[in-house]
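Worksheet: the structure to be examined is printed underneath.
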């Protein structure tokens with residue numbers, strides 16, 4: 001190696017106590033935050049996706065498949081009217 005960039009070696013980083021003190025707090029915190037974001041239903045509201053019990057309503061029980069190649073717009077309009 002001709003020069004040094006001044007960065008610490010990866011082995012030095014992962015064997016340091018400071019690294020594990022910081023990451024033993026942040027990694028579980030991120031996991032808990034993500035789990036609560038999904039389990040409370042906030043993820044459905046933020047991203048606008050339907051909740052698991054909203055995929056199939058009483059009036060619409062079939063799977064919305066587009067089967068025709070040339071009449072796909074009509075099938076899509078038909079499907080969107082059922083909302």
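Along the chain as shown, the residues are counted starting at 1.
Cβ coordinates are placed from backbone N, Cα and C, and glycine is handled just like the others.
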Given the ranges 6-20, 21-35, which one is assigned the annotation transmembrane segment in Swiss-Prot?
21-35
Around the Cβ of residue 23 (heme binding site), the count of other Cβ atoms that are within 10 Å:
11
